[in-house]
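Features reported for this protein in TrEMBL:
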| type | residues | note |
| --- | --- | --- |
| ACT_SITE | A:SER150 | active site, charge relay system |
| ACT_SITE | A:ASP226 | active site, charge relay system |
| ACT_SITE | A:HIS259 | active site, charge relay system |
| COMPBIAS | A:1-13 | compositional bias 'Polar residues' |
| REGION | A:1-20 | region 'Disordered' |
Protein chains: 2
Amino acid sequence: MSLDTVSTNRSHGGTQGVYRHASSATGTEMTFAVFVPDHAPGAKLPVLWYLSGLTCTHANVMEKGEYRSACAEHGIILIAPDTSPRGETVPDDAEGAWDFGLGAGFYVDATEAPFSTHYRMRSYIELELPALIAAHFPVDMARQGITGHSMGGHGALTIALRNPERFRSVSAFAPIVSPFNCPWGEKALTGYLGADRTAWASYDACALIANGARLPDLLVDQGEADSFLEAQLKTHLLRDACTVANQPATIRLQPGYDHSYYFISTFMAEHVRWHAERL
Amino acid sequence: MSLDTVSTNRSHGGTQGVYRHASSATGTEMTFAVFVPDHAPGAKLPVLWYLSGLTCTHANVMEKGEYRSACAEHGIILIAPDTSPRGETVPDDAEGAWDFGLGAGFYVDATEAPFSTHYRMRSYIELELPALIAAHFPVDMARQGITGHSMGGHGALTIALRNPERFRSVSAFAPIVSPFNCPWGEKALTGYLGADRTAWASYDACALIANGARLPDLLVDQGEADSFLEAQLKTHLLRDACTVANQPATIRLQPGYDHSYYFISTFMAEHVRWHAERL
């Protein structure tokens, strides 16, 4: 499991790096970003995963997320993977839409041709990348948290709900809470997994909670002025699912905030602190 | 003096806006960014100008500068202008280089053809834009500070040194301290002002200080790993000029930091606080 360093920049008392490797999960090269705060020699730091939303690469949150100050303060390593396999061999949406295919892997292992060859983001994030991170960075993998934005909030919630033993802390910014119940999710899961919805249940945070998955607690921030709230994000479905299932959850609606990194960056420091308290 | 709103986003307890107007100084449309923290009705807030570096527009610092949290905390309005006139009628570097012409106005009023028609960034920043800002935003123009990065650090220092009565606080990130003494400066000032260097003296921070201009104090941060430090930025010339002239100055070299926004964003909160204490 070798790793190429694309770039490193000193920032906020740490090192912001970008790395590339040949992924066996996706059969492509994959790029990801890691911020490592300065630390004592030999120290192992807790890890916070940040999964990005539709159209994003590793770079969006790295440039606009404003996480480094808080991560340096709390001594947390932040990892930002890409959102899909990429490359000339990787099939995209038939019409080039931005909500499926490249930049829109939805953190699933696709079973439908032609996507099943490369679109294996679940295996990549759950299995391959953690092993690579553990081998190359000063991480304490017994202390992991996960967060994400929009499609990446869906990724964070579903990956944590399927692997509660791995994550001590879970949060999300404006997550897609139920792919079963929104156009983005229906399109993506139909395309990657087929029309039979029984295969979708492990990729829907509300369904996972309804089916018994549990986390110690979770934090969600959602902008009330988010133009995707009503049709796609439907935060109330998560609130209802948590209430019915007695899943502890702090779900906050933030007046005036939209879906952009202007929103994410505003609440990033609070989320990092929330994870730090649990890591 | 009308103003079009390009966009507004709620962020960090304030409003990040982008605005466009027809500039009489440059004879073009100009775009700029303004962050306004929430404030009491009728309140007038102090202003911090941020002048950007080569190749930048208003957007770079807006996306990567990490100033909003600190500006909201201290109740400061931050204004980020563009770095040159733009448009089809605006001449660029003859070879399309990034260090002259578009994105490289150097905050001068050009006197050389064909640049003298539109490249009037000194008048734009010193005269036109302040009047526009005063007319449209809740600002207290008796409390202004100025900062900037690289070419914009040059702009901040020289504009403040020429207008000490206007600015209560001055700082810079990795500024070009002496266009007389670096290839970027020599190319730009020759192109905009002609080969006669007597016309350059009001656009060189070190020369202005040597010629008697004074500020109460100034703050400069410079990354030691900045690849432009030795050939272009030459921070030591500013240190020497300040020492010789008894100009109070806090000039800090930051080990490991480069010329990027990873550097700027690291020290942004400290600069905003430094300005807040003086505004």
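Positions of Cβ are set from backbone N, Cα and C atoms, glycine also.
Annotations in TrEMBL come from automatic prediction, not curation.
Overlay of TrEMBL annotations on the structure.
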| residue | record | DSSP (3 states) |
| --- | --- | --- |
| A:SER150 | active site, charge relay system | coil |
| A:ASP226 | active site, charge relay system | coil |
| A:HIS259 | active site, charge relay system | coil |
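Same-chain residues lying 6 or more positions outside the compositional bias 'Polar residues' (A:1-13) and placing a CB less than 8 Å from one of its CB atoms are 19-22, 31, 35, 37-38, 68-69, 71-72, 131-132, 135-136. For A:HIS259 (active site, charge relay system) paired with A:SER150 (active site, charge relay system), the C-alpha to C-alpha distance reads 8 Å. Within 10 Å of the C-beta atom of A:SER150 (active site, charge relay system) sit 25 other C-beta atoms, taking all shown protein chains into account. Around A:ASP226 (active site, charge relay system), the same-chain residues six or more apart in sequence whose CB sits under 8 Å from its CB are A:ALA174, A:LEU233, A:TYR257, A:ASP258, A:HIS259, A:PHE263, listed in sequence order. If you draw a 10 Å sphere around the CB of A:HIS259 (active site, charge relay system), it holds 22 other CB atoms from the protein chains shown. Taken through DSSP, the compositional bias 'Polar residues' (A:1-13) splits into 0 helix, 8 strand, 5 coil.
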